[in-house]
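Student: Sharing a structure below in structure tokens format, with a few things to ask.
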Amino acid sequence: MRNNLYQEMKKFWYQKKPLWGILILFILMYYSLVTSHHNERDVIQLFGASQWTLIILVTISSAFMTMEYRDNTIVTMLYKSSNRFNIYFSKIIVLVLYSVLLSFCGVIFTILEAAFSHQLLTVNVLRALLFNTFGTLLYSVFIVTLSLLLISLVKIDAIVIVIGLMLGFLGATFSNILMSLFHTWSRAIRWNPLNMIYVINQLSDPKYFKYSSLSNLELVLGTVSYAIIFLIIGYWTFKKRLV
Amino acid sequence: MLSIKNVSTFIEGKKIIHDVSLHIKPGEIVGLIGPNGAGKTTFMKTILGLTKFTGDISIDEQSVTENNHQALRKVGALIEHPAIYPFLTGRQNLLLYSESNSDLEEIISTLKMEKFIDKKSKDYSLGMKQKLGIGIALLNNPEFVILDEPMNGLDIESTIMIRDVIRKYAEQGCMFLISSHILGELQKVMTQVVLLRSGRIILNRSMSSLNQDSSKKYFVQMDKINLVEDLLNHNNIQNQRVGEYLEIDAQNIDLMQNLVFQNGLYLTRLEPEKLNLEEKIVRILSDKEGSNNEE
Ligand SMILES: Nc1ncnc2c1ncn2[C@@H]1O[C@H](COP(=O)(O)OP(=O)(O)O)[C@@H](O)[C@H]1O
Ligand SMILES: [Mg+2]
């Protein structure tokens with residue numbers, strides 16, 4: 001396992017993509033700043049960092065798995081590892097660590113941009129901002145495990161990226177439509193995976209409860225449970241996959 | 001010691017390898033020869049525990065299964081295409097799998113990769129990639145190395161160099177299983193030849209037994225060849241006239257010589273038919289088929 005983790009770390013950093021990811025995050029957040037109305041809300045929402053982080057993560061996660069099949073390196077990895085779980089889990093750990101880094105950069109960039117645009121960082125704003133970051137981080141684990149599951153199932157990274165983006169941008173809306181259409185079922189429907197995206201904003205802002213219909217604790221538990229389910233199914237699919 | 005007993009491999013429920021057994025001892029270089037689609041790659045993947053199979057595979061008495069690769073700790077392999085990350089340099093690719101780095105420089109120099117090893121491997125030629133792939137297989141002083149069509153994309157010089165490298169490792173006790181769809185490619189290096197066709201081993205011979213004189217026909221030259229021909233025909237000894245020679249089966253040589261001397265004639269030349277490896281193998285196979293048909 002230590003070997004696998006070490007290899008994945010190395011491969012990850014030698015690729016230029018992760019650094020590009022951080023740069024793109026900065027550029028997109030800067031874009032949000034110049035197009036915003038300079039209010040507190042933008043700061044709390046980290047100038048859109050959550051959404052951008054998810055897009056970057058889906059792209060990088062799926063590429064991080066498909067590259068092994070493109071150049072046949074999967075064969076070497078498989079016979080050199082004692083089992084397939086180590087490979088799969090190492091990839092997830094590296095990607096989760098990367099989401100931590102992205103979140104950290106998101107906070108730093110937010111503080112810089114707030115200072116740059118002369119916005120006051122009150123304790124309340126900072127608190128809300130950190131809750132949002134924590135929510136984003138939880139949802140990142142959900143997205144990373146989901147991306148690797150989708151890659152194990154459909155094998156083509158372009159498709160996974162499209163599905164990921166649709167989930168990221170339209171998932172919440174779709175979930176709300178479902179809940180309002182099937183009102184009587186909404187007690188069950190609120191637990192659908194698309195609804196978990198509210199974990200990003202609801203921790204800092206209870207008003208989101210009226211969309212999610214789940215308490216903060218339920219959202220956190222739901223997100224973590226889905227991540228574990230995705231991990232298990234994803235690993236199982238990966239294990240069955242021929243090389 | 002590699003021991004494969006009654007192994008059958010299944011891909012998507014289809015049987016690709018049929019009940020194959022094979023043993024390799026330290027220092028042996030086994031050539032796995034077969035046409036495209038014979039199952040060479042699948043067989044090699046099976047040994048690496050990458051497919052569903054039945055039967056036994058063990059390396060130094062330790063079993064390889066789909067879920068346990070402990071026995072593969074001292075195994076290196078190149079399967080189909082060299083497994084290389086294009087965004088890494090050749091050296092970084094090697095370092096990824098290197099355990100102690102003690103043999104790294106040696107591998108780079110024996111495979112003559114100094115010139116390009118620190119460049120990004122996405123710019124490598126096919127031959128460079130192939131060498132790097134072989135280098136990865138040779139890392140960490142392996143006891144058993146699997147090379148799937150390693151000569152692909154290599155020029156003559158590199159082919160000769162790779163052969164020397166393989167021999168060098170084999171002299172130190174390393175076992176090799178090397179595949180090719182061309183017999184001649186491995187003829188100079190292998191110690192054992194295994195022919196695979198449609199997932200079955202149809203021939204397994206040591207090269208030394210093949211190199212022993214196995215001629216079945218002799219060419220005989222003599223004065224008064226017409227007289228001898230008549231004599232042989234009269235005594236029902238099969239022969240065939242080829243220009244100034246008579247072609248005679250090996251088992252009839254003694255009989256023919258006696259007849260010739262008894263009749264006051266003499267031979268000017270007697271020489272065995274020279275067969276190349278391919279012809280010998282074709283003959284063994286056709287004999288086998290013949291005897292199978294008789295059964
Ligand atoms: N992933 C796969 N799915 C289905 N059939 C396969 C797969 N891999 C190999 N085969 C089949 O197994 C047989 C042997 O293939 P292979 O081992 O690649 O042969 P070789 O390496 O000798 O050219 C072929 O008939 C091929 O069609
Ligand atoms: Mg092949």
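In case you wondered, yes, glycine gets a Cβ from its N, Cα and C as well.
According to TrEMBL:
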- A:20-38: transmembrane segment (TRANSMEM)
- A:44-67: transmembrane segment (TRANSMEM)
- A:88-109: transmembrane segment (TRANSMEM)
- A:129-151: transmembrane segment (TRANSMEM)
- A:158-182: transmembrane segment (TRANSMEM)
- A:219-238: transmembrane segment (TRANSMEM)
Student: Considering only Cβ pairs within less than 8 angstroms, which of the stretches A:20-38, A:44-67, A:88-109, A:129-151, A:219-238 has the most against the transmembrane segment (A:158-182)?
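Tutor: Top-ranked stretch among A:20-38, A:44-67, A:88-109, A:129-151, A:219-238: A:44-67.
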Student: Count the CB pairs under 8 A between the transmembrane segment (A:44-67) and each of A:20-38, A:88-109, A:129-151, A:219-238, then give me the winner.
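Tutor: Against the transmembrane segment (A:44-67), the leading stretch is A:129-151.
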Student: Any residues 6+ beyond the ends of the transmembrane segment (A:129-151) with a Cβ under 8 Å from its own?
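Tutor: For the transmembrane segment (A:129-151), the nonlocal Cβ contacts are 43-46, 49-50, 53-54, 57-58, 61-62, 65-66, 88, 91-92, 95-96, 99-100, 102-103, 106-107, 110, 157, 159-160, 163-164, 167-168, 193, 196-197, 199-204, 220, 223-224, 226-228, 230-231, 233-234, 237-238.
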